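Reviewing the structure listed below.
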Amino acid sequence: MVSLQRLPVPRRTISSIQSIRTTRPFHTIHHRPSSSPSTRTTIQIQIQTSKPTPLTSIRPYHSTLHPRPPTHEYTNSQTAILTASLPHIPTHGFTSAALTRGARDAGFLDVSVQLLPRGAFDLVLFWLASRRGLLRGRVEAGDVFGEGAGAAEGLSVEEKLRVLVVERLKMNVDVKGVWQDALAQMSLLGNIPLSLLELHAISNDILTLAGDTAVDSTWYARRMAVAAIYASAEVVMTRDPTPDLLETEAFVRRRFEDKEVLRGKVEGVGSWVGFWGSTAVGVGRSWGLKI
Amino acid sequence: MSARSAWRALHYSAKRRTIQPTTPYRCFSCTRLTFEQVKPEHERMTHFGFTNVPQSEKESRVGAVFSSVASSYDNMNDLMSLGIHRLWKDHFVRSLNPGTPVANRPADAKDQGWNILDIAGGTGDIAFRMLDHATNINHDLQTRVTISDINADMLAEGRKRSLETPYYNTPRLSFVEANAEHMPHIPDNSVDLYTVVFGIRNFTDKQAALNEAFRVLKPGGVFACMEFSKVENPVFDAVYKRWNFSAIPLIGQVVAGDRDSYQYLVESIERFPSQEEFRGMIQKAGFLIPGKGYENLTGGIAAIHKGIKPVTPA
């Protein structure tokens, strides 16, 4: 007991907290209550010196340390070849033949496809990244949910997710016939890491665009759920004979229902375990256990 | 009788000794002698293996090395690299994929295949592989290769080998003796693919050769180079250095009877810039670098560097 009293007072932790506080006024936190009766709020962190942005371009998050990354990391010449190759994909598939033709259209030589070290897989990646950017652009332009920030308030996050997944899948209509090539390319052992990264990026974008701002422990679970639904719907899409991807849309709807059911089950099990756990702890304490 | 023949042999050999060779005697083991030759004080020096020589002299010295190894070149490569150099060369050609497949050729194009310039490709190793690839894989019968080498002996070896290929005496294959740092016979913007495989190490002025490559390439043309490089794993590097400095000169001595040429070879490998430095040199010449810019082979013993000439000069 005597030795306990000699313990030094933890002054260092207090001083470090103060030092954090001094830097705090650098940022302000805006809580922007939404106009609808729903309790959803958008948290936005802005630097004081930056001028206020107009409402339409407000993004749900902002950080000066992490500016929005470009959807792909290709140089100008690479982008020129890849963009010119996109129209050749429906006829030639995700192959080096499409790249060669694209290079020729862009004013390059046949040999210039050496600019793309991964060859056809670069074309797949560029397709995915550019469609992802396109989806983001269309949502921000208000083409998907309608104009203005308040237009989409009628839809819940779940419904928006479903709309966005279908919207993204519909961008693949032209390349539906050759999409299995791309899936095959993505499933090659060396290409799997980049493919998974792109799958994470699309699910992350879809969730963000749907207005999902929660940063709790289900962050990973929700991204994995969207990624699983999106990836499985892509496979279904390659076998979908309907021109407007009606079957795929129905498939996506069913999967979202499944997801809800699964979430209900998991939450039920969680609350059951939590209830019995806390009950057991309470019973134990009433018996005098030091829990 | 025997005494007479012995006398005759001695007599003739004594006579023969008085004949001076037209080319100056070049001895690598006695560097002291060569350094005693008149040498202007102010001349720029460059490295020749681990020794420094005047720039004007490096060319002839490298020439002497390759003249002496030309005939045993392939056997020696097999022994030194344990046959791996064939895999590297195959991979190099496959990744370049020379030749336009017939199916990809636009109907209206007056396409005449690729114009490939193979620098320092005297023995035709790369040139024949590229022509084979274009013919057999892409069914392109118009792609042509110009083999350029500074060394007439290496070119003679390549000519001899081309007899056994279907490209002998066709317009698809030609040989030029030229210095890669200055090629006035090749017009600007005329080459699709410029390759230099295990050659640029020996150039006196590498940057000048890169600038010349940039000049002759068409906009969009590709500079591709395979060269020995730096091993990245330190443990493997130690093993590799030991092999280089102990085994290779010995193999050279036993098989080719020329230790000094192979001593020069390993020293020049050691002196060649690292992957990043050489990438910087390619960039400095004006090329675009695709991706990382180089691809390591067998842990970095060799590396493939690529650069693309921009379509609109930046």
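Every residue gets a Cβ built from N, Cα and C, even glycine.
Heads up, TrEMBL stuff is auto-annotated, nobody curated it.
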Site co-member for S-adenosyl-L-methionine according to TrEMBL, given B:D149, B:N179, B:A180, out of B:T51, B:T100, B:T123, B:T165: B:T123
Conformational class of B:T123 (S-adenosyl-L-methionine binding site) under the three-state DSSP mapping: coil
Which of B:T123, B:N179, the listed binding-site residues, has fewest other Cβ atoms within 10 Å: B:N179
Maximal Cα-Cα distance (Å) across residues annotated as binding S-adenosyl-L-methionine, namely B:T123, B:D149, B:N179, B:A180: 16
